[in-house]
Amino acid sequence: LYRRTQKMFCVGEESWVDSRTVYIGHKEPPPGAEAYIPQRYPDNRIVSSKYTFWNFIPKNLFEQFRRIANFYFLVIFLVQLIIDTPTSPVTSGLPLFFVITVTAIKQGYEDWLRHKADCSINECPVDVVQQGKVVRTQSHKLRVGDVVMVREDETFPCDLILLSSSRHDGTCYVTTTSLDGESSHKTYYAVPDTMAFTTEQEVDSLHATIECEQPQPDLYKFVGRINIYKDKEEPVARPLGAENLLLRGATLKNTQHIYAVAIYTGMETKMALNYQSKSQKRSAVEKSMNAFLIVYLCILISKAVINTVLKYAWQWSPDRDEPWYNHRTEHERQRHVVCLFIHRFLAFMVLFNYIIPVSMYVTVEMQKFLGSYFITWDEDMFDEELGEGAQVNTSDLNEELGQVEYVFTDKTGTLTENNMEFIECCVDGNVYIPHAICVRMLSRTTFFLDECSFIKDFTSVCGRPTSFYISSSPDEVALVEGMKKLGYTYLRLRDNHMEILNKDDEIERFELLHVLNFDSVRRRMSVIVRSSSGECLLFCKGADSSIFPRVVSGKVEQVKARVEQNAVEGLRTLCVAYKSLTEADYQEACFHLTEAKLALQDREQRLAQAYDIIERDWLQEKAADTIESLHKAGMKVWVLTGDKMETAAATCYASKLFRRTLYLWVCYSANTRPHNHIYTLLHLVLHRCSLSVDCLDFGLIIDGATLSAVLKPNPESAGHGNYREIFLEICRNCSAVLCCRMAPLQKAQIVKLIKASKEHPITLAIGDGANDVSMIQEAHVGVMGKEGRQAARNSDYAIPKFKHLKKILLVHGHYYYIRIAELVQYFFYKNVCFIFPQFLYQFFCGFSQQPLYDTAYLTLYNISFTSLPILLYSLVEQHVSVETLKREPSLYRDIAKNSLLRWPVFLYWTCLGVFDAVIFFFGAYFLFDNTTFTSNGQMFGNWTFGTLVFTVLVFTVTLKLALDTHHWTWINHFVIWGSLLFYVIFSLLWGGIIWYNFCLLQMYYVFMQMLSSGPAWLSIILLITVSLLPDVIKKVLCRAISPLLTVPMACRTI
């Protein structure tokens, strides 16, 4: 909102104001240094709530009435208020009020929780340095430029630039679990010129300004510089980067305290800018509901038109102007024929409007909200190692878990454990394995190659006897611990010098000069160190594809062969190379790095140019069993990874994604391969897939370069056709696909490509890292793994391990879809049963718009009499046992492609409702025709007739649900039989008491009179039996044909 408002009222400002100036401690720069331009920034208040006390009612009502069903019933209610309609406005107003109120309470409660969370954050105590003293204030009062003191284990209140630390080297250690989920300790660095400030007075004496970029959401990017003023000298400029920026939400660790200056506050912090509203995802069930609703709306309009025309036909003769008891007034006779037609049409619309189930929406919402707790409470999906269970972030897609056709999964940390253990190292073709060789065989060069490039973020904790290593990456810990087993122990980083204990118990010191950080484009990182002899060395580690092209000497082929062998065995590999730098080389490197770091514009590109100038994993538990079950369930599993092809393919074979009988195609192109070669290769694969009839099981391996050509074809290849269509056609013939060497954006593009194909399949994406977020947001499900939680926060569902995917899809997804499909169809069915007798009744009352049911029955039918049984059914029904669904994954295929909400099934339920409604009405009509029923010879009146039909209706639709129930518990019995008992008690009270507050008492003693008649009892039992007979026959036939098939699924085959 801030950025939008700024663009609206400050047109063109963003094009030239691309940086901000922060005055540390709000001190003006010395005279003559630069002009002091005070700038206004937002306070440190975080707002995640949606409503306020003043706008809750209008805003919530506006949002709710944007729903077509709510708006429709509002129009009907207003029509009942404006014109003379056959039913009371209460019949439409009360259900609408109930739905609106329940939804508003739910949304208001959720927003109240957000308000509470905001207040707890905004009122947190914060220590601010003011006039040489530490003053405690509240978090929301912080301003840009305030100097903040943060103590160990405290959370940073806003985005800060580190000025000094209690550690002598000016570093501090931070965990960013709440940002990206990574629990490892990251190292951040203070500005060299301020790192010596240890007291509040020294920090308060600082005169400096910070020039930095405007707020942007990238957590790992920051560009700025600090200008430090000393007396009247020229300001000293120092570069600022991501290594100096402490993000809001991160926690200070292993550091007593730090001093830092606030540069981004409130909703401009990077954490707040990452609060993005996810794209609205609509399930297939919701789309079907809307389609069915439109059909029923058309039926409603048709009924109203038919009855209006028939009413005119009835009154065409002067003798039938109106029934004798309902003569029209002279004013009504003189009304314009068009106005009269509209009036009568709207009256019939009001009379039949109950065919639209307004309470269905609130029931569906409650079913999804309450049903999501079954995933959270599932003990089988609780991981004791992580101490966490499954969590539901979006309950609107529960049933979509039962409709998945494509599964896209990351490899590292998701399909595999991502536990790093040092296995071996190969130096100049010699293989060294811990505990398998003599330590004396290791040369000093070996240590350098595998140790010096990983010294950036390590710290030794609790002394040497019980020390352990903390790092920002598990592979770095594995490498240092592996070298420790070989006799070389990393001790500490002190005064920018690394201390290492060698195999002779001698401590060697190496000065750390520069760190060239890792990035996903270069796929490598480097360090420049100076040995005790004064020699400068550049060490570079990274993926083999980024290291081998830069190696100019050494036994490259032997090392490359060993790397390939390790990759085939499923081990993660890392390559390390080094280069000796002369003093001139080092000075030139320093010049390039300093120039790039001080740049405010295009710093990332300049650093990349400067860098270019200078310079084991196991499967998760039961992962193979899970993938095999998903295949049996009819799902196609894709692995999208950035790893090399050999490693990823070995993992796919180990996880049974690729079976030995699989006919595998490999589309692996070099960077220099022309586009027409890729086109020819894809066409060849497609042609052979179409010709092969014996082998129906295909697999595909494709790399990122080929995918780039597929997703963004070169203009030169325009004459060769459309890559995407060819690629999609190949994928349709493949049960498993491996995409390797992929960038994060390519993962999302692949998911989007499959979603947009002509079949529009339901997709599911799993990942545990920040690089998987875009892929997860395109699809539905996220797995929280050891690498981080950012993926889980951006997902709709989160499960601890990959193996839990089997139960959440094959069991929970299956149950959710069956339950909500039955709920939707049942709601439409029972409303057809409810309103079609009203339609038939008009043929016997001269189309006078006389209601068949009493106002109370019209109002409470969907709210009280029939709502709870179906809600409970949709929460606890288990048509098949959990063990059967796990044992028979193929049952998942029976509900694929929204099979229970297709038009034939919808037509079946609608026809069943019409059949039952005809039985209700005409059964009661013919049984009571010209017959006396009471002991005194009185005949039933129209209200008694309507009550009889309504009683048969309520008992039939409730008992039908009881017939469809497979999993009975005490609560089922309580709700089903309790609902019927409640209807009887309510009718006795409603008709047995004289309600003086009501002007109409047409129901007085009606229900008791009906129950006092023996033929009425016999008719109720007979009509209920006849109405339920088709369901009983269907149930018997379905069980005889296939015991595993559920009743709803059998409906699909009838």
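A Cβ is built for glycine as well, from the same backbone N, Cα and C atoms used for every other residue.
Straight from TrEMBL, the features:
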DOMAIN    38-92  domain 'P-type ATPase N-terminal'
TRANSMEM  65-83  transmembrane segment
DOMAIN    125-204  domain 'P-type ATPase A'
TRANSMEM  291-314  transmembrane segment
TRANSMEM  334-356  transmembrane segment
ACT_SITE  ASP410  active site, 4-aspartylphosphate intermediate
BINDING   ASP410, LYS411, THR412, GLU476, PHE518, LYS541, ARG572, THR641, GLY642, ASP643, ARG741, LYS747, ASN771, ASP772  ATP binding site
DOMAIN    792-1043  domain 'P-type ATPase C-terminal'
TRANSMEM  906-928  transmembrane segment
TRANSMEM  940-962  transmembrane segment
TRANSMEM  974-998  transmembrane segment
TRANSMEM  1004-1029  transmembrane segment
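Structure with TrEMBL features highlighted.
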residue : record                                        : CB count, 10 Å
ASP410  : active site, 4-aspartylphosphate intermediate : 30
PHE518  : ATP binding site                              : 16
ARG572  : ATP binding site                              : 21
GLY642  : ATP binding site                              : 22
ARG741  : ATP binding site                              : 21
Exercise. Of the binding-site residues listed here (PHE518, ARG572, ARG741), which is spatially closest to ASP410 (active site, 4-aspartylphosphate intermediate) when Cα positions are compared?
Worked result: ARG741
Problem set entry | Sequence-remote partners of the transmembrane segment (940-962) [C-beta within less than 8 Å, at least six residues beyond its ends] | 826, 829-830, 833-834, 837, 841, 845, 850-854, 857, 861, 865-866, 869-870, 873, 916, 920-921, 923-925, 928, 933-934, 976, 979-980, 983, 987, 1002-1003, 1006-1007, 1009-1010, 1013, 1016, 1019-1020, 1023-1024, 1027-1028, 1031
Exercise. What is the average pLDDT across the domain 'P-type ATPase C-terminal' (792-1043)?
Worked result: 84
Seminar exercise, completed: Highest Cβ pair tally under 8 Å against the transmembrane segment (334-356), stretches 291-314, 906-928, 1004-1029, lands on 291-314
For this session: With DSSP as the yardstick, break the domain 'P-type ATPase A' (125-204) down into helix, strand and coil residue counts.
Result: 12 helix, 39 strand, 29 coil
Seminar exercise, completed: the domain 'P-type ATPase N-terminal' (38-92) resolves under DSSP into 27 helix, 0 strand, 28 coil
